[in-house]
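Beneath this line is the structure, given in structure tokens, with notes to follow.
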Amino acid sequence: MRFVEIVLNEPDKHIIALADAYFFPPFQPSILHSGKGGPVIPKQLPPRQAKLIVYNKLTNETSVWIVELTEVYAAARGGHHRGKVISSEVISDVQPAIDAMEYAGCEATVKAFPPFVDAMKRRGVNDMELVMVDAWCVGYYKEEDAPSRRLARPLIFCRTESDCPMENGYARPVEGINVLVDLQHMKIIEFEDSKLIPLPPPDPLRNYTAAETRGGVDRSDVKPLHIIQSEGPSFRVNGFAVEWQKWNFRIGFTPREGLVIYSVAYNDGSLGRRSIAHRLSFVEMVVPYGDPKEPHYRKNAFDAGEDGLGKNAHSLKRGCDCLGHIKYFDVHFTNFTGGVETIENCVCLHEEDFGVLWKHQDWRTGLSEVRRSRRLVISFFCTVANYEYGFFWYFYQDGKIEAEVKLTGILSLGALRPGEVRKHGTVIAPGLYAPVHQHFFVARLNMAVDCRPGEALNQVVEVDVKVEEPGPSNVHNNAFYAEERILQSELQAVRDCNPLTARHWIVRNTRTVNRTGQLTGYKLVPGSNCLPLAGPDAKLFRRAEFLRHNLWVTQYKSGERFPAGEFPNQNPRTGEGLASWVSQDRKLEEADIVLWYVFGVTHVPRLEDWPVMPVERIGFMLMPHGFFNCSPAVDVPPNAEADSKWANGTKTGLQSPTHALISKL
């Protein structure tokens, strides 16, 4: 039995909300319902349960177990290593995510296969220590890819120096060799050396490490930049509960999603602790490639569902990944054998200066008020083969929440014959090209705007800015206005971005109003985005129907967690996951709302992306929209250091030009 994943079987949403009301003091009795019809208030916390995804290597079966982990059962069974099985179910016709042990086993199996060794010798490579084999899931393109077998189609690369571990091995892709590996039995079931394409010559620009390791010269004019918080940070951490200024929330981490943000709320003065969201996370990531040739057309990785964003996370380094006063969180996983593994310093929590928050200067008096912005950052990085992805959540003093993905790492490359060019990629070095591709991310946002435990009182409104038709109400032909439309059901809420109309979506509480009588809400503001460029009949959409649109909205239901379904690996079924859930067309006028925001970037590689890509950023904002009665950032105090040197917007002993002009007048 191989333990693919063991995670907390999360309690009901209202139970978590009630518990947080106690853990984030002061406790507010107003969050509890009065009268009939409210949720049952438990007298104690529910028993802890674990959800296990278990793969039977002998029978090639996958099962899902629910196990209760209580002291009562532990004592009765004679030790804390035993629990009670609540349920177990064999899930037919699926394959779970691939594990690191299988990646290593796949590489060893390929490198020990005699025909492969011969094929590499024909390419001038006799030392198998130079060879890198990256296992890739086969996806689903034909009946032979069905989950009746556990399969991988690896990509192969070759370094030039066996004694140089810092060498960029991805600079020499091996083309023309096609291998199909049975991961259940760790054996080669298909092998083809179809065409002999010479290995790219060693590129003198291929390495990206410090100067002394790559024969280059690093810059010498970079002075130290120190971030000092002499009185410590402004945040407080109790276990995994975080409080920062008026924000409070809980940090979680799963092998599949990585970082999860729970129970997001804002302490709003006399109004108390106001809920905004129950659970925020990235639940899937798909990277389709645009080259129709072998092997690149198969490169459609589902990095969350097939590999696991959390399982591929790594330790962060103080002063490099994060700056300032840092709180790190270790995360713990079970490996394939059930043992516990720890990634130290996996999640980083720190504050950042973020420039000007707001400013105004009265030109008549010369008096100026300015505040600097500070944000709280929670982040982690994961490495999936050649690519790196940083996932960041930012909390701002003006009530905004920002989600951002930072893309970096090394391009996935192909080899070229001398003088050859490819229509579907960019030549970046002699004998090397990088195919065009896209990166898509799916954020799952279970909102709870101004909701008390057990309430489902949210709706989604789409806003477009419209141009007023010429006529009596627009005689100057300059008028435009914001038009709102309530998305009443799930099928109606399948939407796309439209930058031409500044389209955005507001999640509103249907019962709570601000001082002007408007319903309180938070709006989802898209950043840059795109849609898939693959044709409508591409095999990719068999598993990724959710990529066809930028926004999906569902009524919350336990178990509807991942847009491609629980098991996207080798999934032969169509219409599974998010697309099938919305086909129920459940009502959304007043509901427990889940937003599924799909955002992506189209990457046309450039020479400046080699040998390692500068970070590209993509994301979105959650912004208060009528949630507060005025700017929540108006009470941010002036910068104490600035006030000691500046008075009324003018440096001591100096006058601003405006102030001098007023004096003359």
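Backbone N, Cα and C atoms are what each Cβ position is placed from, and that goes for glycine too.
Unlike curated records, TrEMBL annotations are generated automatically.
These numbers come from a predicted model, not from an experiment.
Sequence-distant neighbours of ASP303 (active site, proton acceptor) (same chain, 6+ residues apart, CB-CB distance under 8 A): MET285, VAL286, VAL287, LEU309, ASN312, VAL384, TYR389. Under the heading active site, proton acceptor, TrEMBL lists ASP303.
According to TrEMBL, the feature active site, schiff-base intermediate with substrate maps to TYR387.
Annotated domain 'Copper amine oxidase N3-terminal' per TrEMBL: 96-199, in sequence order. Note on the domain 'Copper amine oxidase N3-terminal' (96-199): mean pLDDT across this stretch is 94.
The annotation domain 'Copper amine oxidase catalytic' is assigned in TrEMBL to 225-633.
Among the features that TrEMBL reports, 2',4',5'-topaquinone is placed at TYR387. The number of other CB atoms found within 10 A of the CB of TYR387 (active site, schiff-base intermediate with substrate), across every protein chain shown, is 20.
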